[in-house]
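To start, the structure under review is shown below, and the notes come after it.
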């Protein structure tokens, strides 16, 4: 039902309008591309890509922004608002917030050095948010490989390449120390660091995230090319330099079927880019609202007045 040319007649400028906002925002905020990609991911894992993550709390539901995986970390909402405002001027009541977030993710990846792909479009926006589901459906940075696979399979992403390629979104962006500290000092209650951590990387991370330090300090996922979308993430995993446990598990879980994919993507950028684009399309197609389902929100933060 979704198709890349969905807006070719009704809003042909949609891609340019979204791109111009991202280009402008990147000048002052080099993190914004990674932040937008993460918003899309956190949207799609909770009842499909329906822009439910963008809704603020109302009298009928609590916002997903308050859920543990999003609170104090999901960001970029104001940038989506900028895109929506510009699109409402150019093509009123035409482009859904769900499609804005999907297109913005693709352009964010492309502008950061990553692949391009034709984004299937025609999603509509949900009229409710799913706070409880956001707390349970999103993968945790402390997950083992088995838990990660289950979280992905639960939403319909059941190929090893879905998990390994989408994890490569951590080739840019940052995480807070509070998601890393346990690995550095007391991994799984052992009073020792995670044995998969490269010793020099461990020393670097301990400097950035001291034992009783400020958990809100931000650390780059990829120390080599922190704002570039490339395959360095996988090389880092092979060298024991994955920042969060759930990423390192892809390579360090003995006998895992994800290891050959980490090796492949590390040695071949085109293989990674192709797999990432494919997995993004698969994720973007999860349970979309189409036709007369949902609505086209006029303000991405609130449901249209009835």
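Quick reminder: no glycine exception, Cβ is built from N, Cα and C everywhere.
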Candidate sharing the Ca(2+) 2 site with 222, 225, 230 (per Swiss-Prot), from 171, 181, 190, 290:
171
May I ask which residues of the same chain, at least 6 positions away in sequence, place their Cβ under 8 angstroms from the Cβ of residue 48 (Ca(2+) 1 binding site)?
286, 287, 288, 289
Fill in the CA-CA distance, residue 222 (Ca(2+) 2 binding site) to residue 46 (Ca(2+) 1 binding site), as an integer in Å.
27
Going by C-alpha positions, which of the binding-site residues (43, 52, 225) is nearest residue 209 (disulfide bond)?
225
Counting across all protein chains shown, how many other Cβ atoms sit within 10 Å of the Cβ of residue 300 (disulfide bond)?
22
